[in-house]
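One structure below.
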Amino acid sequence: MNNRVHQGHFARKRFGQNFLNDPFIIDSIVSAIHPQKDEALVEIGPGLGALTEPVGDRLDKLTVIELDRDLAARLKTHPFLGPKLTIYQQDAMTMDFAALAKEQGQSLRVFGNLPYNISTPLMFHLFSYTDAIKDMHFMLQKEVVKRLVAGPDTKAYGRLSVMAQYYCQVIPVLEVPPTAFTPPPKVDSAVVRLVPHATLPHPVKDLRLLERITSAAFNQRRKTIRNSLGNLFTVEALTELGIDPAMRAENISVAAYCQMANYLAENSPSKES
Ligand code: SAM
């Protein structure tokens, strides 16, 4: 049997289509989400409805965002889900989640088995709407979940860890083998829960500076920060901040990165790149 065909639909690689087929895993994910009737749930990439059906079962209304026109059309005519669904046939990367929350009159609970090819940029897009989001549950590549939860002094700690933990509390939920999908992806997967902080623990004055510092530091992660961030900070400035210039990107905490961004916001870079 062609393992790219699931429920009569030919899985499209370019849309990252790997459909969940394992009832136990599906049930575990729905339990982790724990959808409640009066909440505003939003699914990214409902596909053939593996999560949409059991979540929709517990709700009166559910918003879904699906890029694939055929799959969106299929959902529209779904026998019992159809009337409950508000379907946006569009790229989730272009979705205005703040407008959606306003429309729903409450913050959103976003979930999805994400297309792996766009999962990182999509999470960055969602991070810019954390004020409008109550929580997020995503199926991702296991390696990406490892990076999201990683702390300093580990190999997995990187720009994604810093940015995700700046905005959210990150909680790994469960690991999922390739056999739980049709067709099976080449990598292991995992589900993660991201809960936006009610109050940012380390607010920065200018997010672009935090992004700039973490990019510069982690793009040259083997170098000491005295070298990788030499264009932005003098050794004296780092010492003044209590940060050892001989450390590498992976040794610096989220709090310290935020402190560095705020220092830059207040003191123009010593040597502009
Ligand atoms: N939720 C289904 C499941 O668990 O079986 C499908 C998951 S599949 C990994 C990813 C889904 O996201 C597909 O239905 C795909 O068409 C959709 N998709 C891909 N790119 C998208 C995008 N940019 N915006 C919204 N949906 C997208």
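Even glycines carry a Cβ here, placed using N, Cα and C.
What you are looking at is a predicted structure, and each value in this text was computed from that prediction instead of being measured.
Record check, TrEMBL: S-adenosyl-L-methionine site residues include Asn18, Leu20, Gly45, Asp91, Asn113, and the candidate from Glu66, Glu143, Glu175 also listed there is Glu66. The number of other CB atoms found within 10 A of the CB of Leu20 (S-adenosyl-L-methionine binding site), across every protein chain shown, is 21. Cβ neighbour count for Glu66 (S-adenosyl-L-methionine binding site): 26 (other Cβ atoms within 10 Å of its Cβ, all protein chains included). According to DSSP, Asn113 (S-adenosyl-L-methionine binding site) is assigned to a strand segment.
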